[in-house]
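What follows is a single structure, written as structure tokens, with notes after it.
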Amino acid sequence: MKTLLLTLVVVTIVCLDLGYTLKCNKLVPLFYKTCPAGKNLCYKMFMVSNKMVPVKRGCIDVCPKNSALVKYVCCNTDRCN
């Protein structure tokens, strides 16, 4: 009985995500990835000339500054990019 209880506890810990992990969309929003530790922002990168089509999406630790050619949009909730 103790073994069964211990097994259930271990399975619960493995199945539940005890630490917070962020999920960010990949280039195609149907797919996402779980961000590694330390990367706590999702980002979407656009070319300034065409803001409708994102060039890149993913996980990042610090939101980069926008430039004359590239614009970044960062957020910190699951699949927000």
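Glycine residues also receive a Cβ, built from the backbone N, Cα and C atoms like all the rest.
Under the heading disulfide bond, Swiss-Prot lists Cys24-Cys42 (among others), citing similarity to another entry as support. According to its DSSP assignment, Cys24 (disulfide bond) is in a strand.
Residues or ranges marked as disulfide bond in Swiss-Prot: Cys35-Cys59 (among others). Here Cys35 (disulfide bond) comes close to Thr21, Leu22, Lys23, Cys24, Cys42, Cys59: these same-chain residues lie at least six apart in sequence, with C-beta atoms under 8 angstroms from its C-beta.
Residues annotated as disulfide bond in Swiss-Prot, with similarity to another entry given as evidence: Cys63-Cys74 (among others). In this view, Cys74 (disulfide bond) is surrounded by 15 other Cβ atoms within 10 Å of its Cβ, with every protein chain counted.
Within 10 Å of the C-beta atom of Cys80 (disulfide bond) sit 16 other C-beta atoms, taking all shown protein chains into account. Feature annotation from Swiss-Prot assigns disulfide bond to Cys75-Cys80 (among others); the stated evidence is similarity to another entry.
Taken from Swiss-Prot, the feature signal peptide covers 1-21, and the record attributes it to similarity to another entry.
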Pairwise Cα distance for Cys80 (disulfide bond)/Cys63 (disulfide bond) [Å, integer]: 14
Cys75 (disulfide bond) and Cys63 (disulfide bond), distance between Cα atoms, whole Å: 9
Least Cβ-crowded entry, counting other Cβ within 10 Å, from the disulfide-bonded residues listed as Cys24, Cys42, Cys59, Cys63: Cys63
